[in-house]
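Everything on this sheet refers to the single structure shown next.
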Amino acid sequence: MDVNPTLLFLKVPAQNAISTTFPYTGDPPYSHGTGTGYTMDTVNRTHQYSEKGKWTTNTETGAPQLNPIDGPLPEDNEPSGYAQTDCVLEAMAFLEESHPGIFENSCLETMEVIQQTRVDKLTQGRQTYDWTLNRNQPAATALANTIEVFRSNGLTANESGRLIDFLKDVIESMDKEEMEITTHFQRKRRVRDNMTKKMVTQRTIGKKKQRLNKRSYLIRALTLNTMTKDAERGKLKRRAIATPGMQIRGFVHFVETLARNICEKLEQSGLPVGGNEKKAKLANVVRKMMTNSQDTELSFTITGDNTKWNENQNPRVFLAMITYITRNQPEWFRNVLSIAPIMFSNKMARLGKGYMFESKSMKLRTQIPAEMLASIDLKYFNESTRKKIEKIRPLLIDGTVSLSPGMMMGMFNMLSTVLGVSILNLGQKKYTKTTYWWDGLQSSDDFALIVNAPNHEGIQAGVNRFYRTCKLVGINMSKKKSYINRTGTFEFTSFFYRYGFVANFSMELPSFGVSGINESADMSIGVTVIKNNMINNDLGPATAQMALQLFIKDYRYTYRCHRGDTQIQTRRSFELKKLWEQTRSKAGLLVSDGGSNLYNIRNLHIPEVCLKWELMDEDYQGRLCNPLNPFVSHKEIESVNNAVVMPAHGPAKSMEYDAVATTHSWTPKRNRSILNTSQRGILEDEQMYQKCCNLFEKFFPSSSYRRPVGISSMVEAMVSRARIDARIDFESGRIKKEEFAEIMKICSTIEELRRQK
């Protein structure tokens, strides 16, 4: 029987059909090769937007710098970065007038956070530019290397473990005449393999000391490494993103903490909340505008797009904002917060790996590192690359480019949101002093603008005024990419609003499926995704039931664990059949052991082991939840784990799922090939670092972990904690006298060893 597809939509309100227009199936595009070209594009564009600014030279590094602030007022609609300081300050003042005490209170909250933040805050985050090795590293390793170098250069404030003290070291390091660092290098030699008698290349890792003079050190401290942004859909061209080094990160973190505290108090800010909370916030603003537009008023909404948001932002604007926001605060606080924008005004962008050349005829490939771009003959490059390099040459120093204007992607999301909201705030009638008025929503570079006026001319005038006001602070609303609609239909941060937010369930499609962590986690994540979508995204009961059946099917195919009584032959079926036959209570077998599925949409919140526990054979329970089972290498499992799920749009989201430790929670072993490379020493460092952190967390469970431990070292803190805990346990009879004595002896031994060292 043929079904007329239009019948499917008879009972569905039109806006729900958005899920059927979903274009993003399949994998997103990834970038290959070097990001050097994209970074050059960014640098050249940024300078072009600010080209009428003043050029100066940095006295310390010799880098040429362009300052567009208080530059010429725009005469056309081209994007430009000429923000006017007095306009920015005035916008801040009006924002404070509309929200009395907002800056004062946010500063107090931030000061409290600064006093308590530990330096391990910087181990969060993925790739980080490691200035000691001049390349990217995992955040924890980069931090460890930085601290190691600081200590060997006599900078020891960081030993207190507080982030603010580490930052004192950073500031001091910039005044030093030279810094001694340890770098890794590779030696390659050709040797004959005893077994195969073939020649093989053997790599050995050496560490060598190197001295950096003040200028070289400053350049590295101010460097942002660049990479290509991966997995961006809907774009033909890739673009560059920045990874800052450890010197900048801590300062940025504190500025963003302040800005986050401000954003939380602003009803027009789409950050830092997300999900349903964000939708509620936005719906309120829309409701306010629609209620206030009486029958006589028109209300229109612009789904806005800004041209090159961060390339037109300027660190100097942020410095002005911070100076104003913190104006009545203690000196130390103002200084700490103003360092991030100052560093960004003097930042250097690293050009990445450089260019790859290959000669087809001679089968040769060679890499031209970024350092050589200053001197190499340009005849080897094609037209467009040649133009890029010519433009960038005056800015080059040692393979990095001086990039004073612009912000690089994703650095000051919160603070730039405050700037955007301050312009939305100026739309109140008491400020526009005319018949039109506006309000809206801002989330980093994304905005929605709602304009109310008695007639169409008024709407037009309101939009124009908003547009021009934005120009004055370096925000460029794109007239080509923004569109206007009667209020009630618009899009903001991929949320579609049509008389209420429309659940776009198809956005979540890529996160349905088997994650590939291990059998235990995958089952848990799979059902949690379905549960979350029923709660948040209008996933209906029938569809959810179908999604669940598809997921179980997918899971069985992935792990080859079809039911014990199935006819399907796989590598595992022989073992699973045997298990099926010798199990008395077959209902108790997990799906991954060839059991049947007990999940339905009512019990998705219960981990599978708990769901089937009462139904299991006793010996099966014993095998399944046996931490000494020799066939399983265990992660230590918290009761709640975090998984990263990929929605189709926007960043990967962290999602909590219940973790029950069983023999199915195995961890795959690491690929051995890394052990033969230059990364090996780093890997060992990282593992040692990880072990120390884990040990520390054992002594200080997370509740007491964030409090500063005074000036003692980690070891001292752990020893004193062990003594206190042992005494309490001994006095309450939880441990015997011998055990207590042994613990005390171990503590004394550790202290003795420290003294000898």
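Including glycine, each Cβ sits where the backbone N, Cα and C put it.
Range annotated as motif 'Nuclear localization signal' by Swiss-Prot, chosen from 115-123, 124-132, 187-195, 439-447: 187-195.
Annotated by Swiss-Prot as motif 'Nuclear localization signal', the relevant range among 35-48, 203-216 is 203-216.
Among the ranges 249-256, 449-456, 529-536, the stretch that Swiss-Prot annotates as region 'Promoter-binding site' is 249-256. Residue counts for the region 'Promoter-binding site' (249-256) by DSSP state, with H, G and I taken as helix and E and B as strand, are 8 helix, 0 strand, 0 coil. DSSP assignment over the compositional bias 'Polar residues' (55-64) gives 0 helix, 4 strand, 6 coil.
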